[in-house]
Amino acid sequence: MSSIRLTQYSHGAGCGCKISPKVLDTILKSQIPGFDDPTLVVGNSSKDDAAVVDIGNGQGIVSTTDFFMPIVDDPFTFGRIAATNAISDIYAMGGKPIVAIAILGWPINTLAPEVAQQVIDGGRQVCHEAGISLAGGHSIDAPEPIFGLAVTGIVPLDAIKQNDTAKVGDTLYLTKPLGIGILTTAQKKGKLKPEHEQLAPNAMCTLNKIGQRFAELPGVHAMTDVTGFGLAGHLLEMCEGSGVSARLDFKALPLLDEVDYYLSEGCVPGGTLRNFDSYGDKLDAMDDRTRNILCDPQTSGGLLVAVGKESEAELLAIAAQAGLTLSPIGQLQARTGNQFIEVVQ
């Protein structure tokens with residue numbers, strides 16, 4: 001374990017560094033028309049996890065990029081988390097990753113190049129786990145450490161899973177526990193107990209490979225990964241894009257151990273309140289604990305899956321084969337009123 005504390009060199013952490021949804025909407029507004037590409041199957045309009053381009057013969061190329069500042073202190077683990085998070089977007093689209101290139105920003109006068117080497121080695125290890133090469137990349141001298149990947153994948157066009165194609169009656173499942181932002185904030189504040197240090201990294205370093213299997217099921221109508229906008233933010237994107245609303249069973253949500261303890265210690269990421277400020281008016285009324293969990297920015301979070309009854313049993317069987325025990329966290333229903341997410345306690 002390195003003695004370097006990477007989180008002390010950055011103002012943000014992981015996907016909590018994301019620009020808030022409200023501000024991002026402003027940034028992405030443009031008066032300049034985009035190129036009308038008939039081969040672009042999935043682009044920017046649906047706020048999806050990756051772009052997909054039709055390359056013929058029923059196949060699509062999936063393209064994505066993701067990078068952020070350190071969310072843990074250990075350089076090797078940071079590299080693993082950043083790579084796992086970037087590759088996840090390919091799995092969330094139902095695709096298979098085929099190659100990655102690295103994105104590195106490094107304060108060369110502050111942190112030794114050997115530390116950056118550990119970060120890249122962590123990313124390389126995860127690429128190996130995913131069965132792809134880390135084939136190159138680009139680096140710059142930056143005021144804070146930044147690492148991530150640009151990842152390319154392939155997907156059969158009839159197996160693409162988007163975030164705006166959910167249907168009324170679909171059941172919602174989440175493949176990883178929530179609370180990553182809370183525990184990593186505890187670490188940044190120096191409040192994380194030694195016995196809890198691996199709770200969040202273990203989740204963040206788990207590849208969402210199962211998304212490729214879920215994509216084979218015709219009843220999986222929509223899929224996305226839960227990252228910086230929190231469960232509420234990414235579910236809201238699914239609901240708005242699909243023209244539905246969600247009834248969320250709060251007590252059924254999977255949580256990392258000790259989440260409530262660290263909430264009581266004031267370990268709430270700044271991104272939580274930015275998230276709530278961006279979309280809180282579209283949520284059911286809720287108490288602080290509910291808000292702090294639903295809006296908690298996840299880094300390398302789980303897959304949020306909307307599945308119809310015709311494929312639900314098969315989805316659970318695939319999950320069980322992968323060692324996952326999934327329980328439903330909610331249901332999609334017809335949209336009524338201005339609130340997209342109803343939270344049942």
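Each residue, glycine too, has its Cβ placed from N, Cα and C.
Swiss-Prot annotations:
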ACT_SITE  Cys15  active site
BINDING   Lys18, Ser46, Lys47, Asp48, Asp66, Asp89, Gly137, His138, Ser139  ATP binding site
BINDING   Asp49, Asp89, Asp225  Mg(2+) binding site
SITE      Lys18  site 'Important for catalytic activity'
Count of other CB atoms lying within 10 Å of the CB belonging to Gly137 (ATP binding site): 16
Per DSSP, three-state class assigned to Lys47 (ATP binding site): coil
Which binding-site residues sit within 10 Å of Asp89 (Mg(2+) binding site) - Cα, from Lys47, Asp66, Gly137, Ser139: Asp66
8 Å Cβ shell about Asp49, Asp89, Asp225 centroid, Mg(2+) site members excluded: Asp48, Ala50, Thr64, Ser88, Ile90, Tyr91, Ala92, Met93, Thr224, Thr227
Cβ neighbours of Lys47 (ATP binding site) where a neighbour is any other Cβ within 10 Å: 19
Collapsed DSSP category at Asp89 (Mg(2+) binding site): helix
Surrounding CB atoms that lie within 10 Å of the CB of Ser139 (ATP binding site), all protein chains: 15
Pairwise CA distance, Asp225 (Mg(2+) binding site) versus Asp66 (ATP binding site), rounded so that it is a whole Å: 13
Between Gly137 (ATP binding site) and Asp49 (Mg(2+) binding site), the C-alpha gap once rounded to whole angstrom: 21
Cα distance (Å, whole number) from Ser139 (ATP binding site) to Asp49 (Mg(2+) binding site): 24
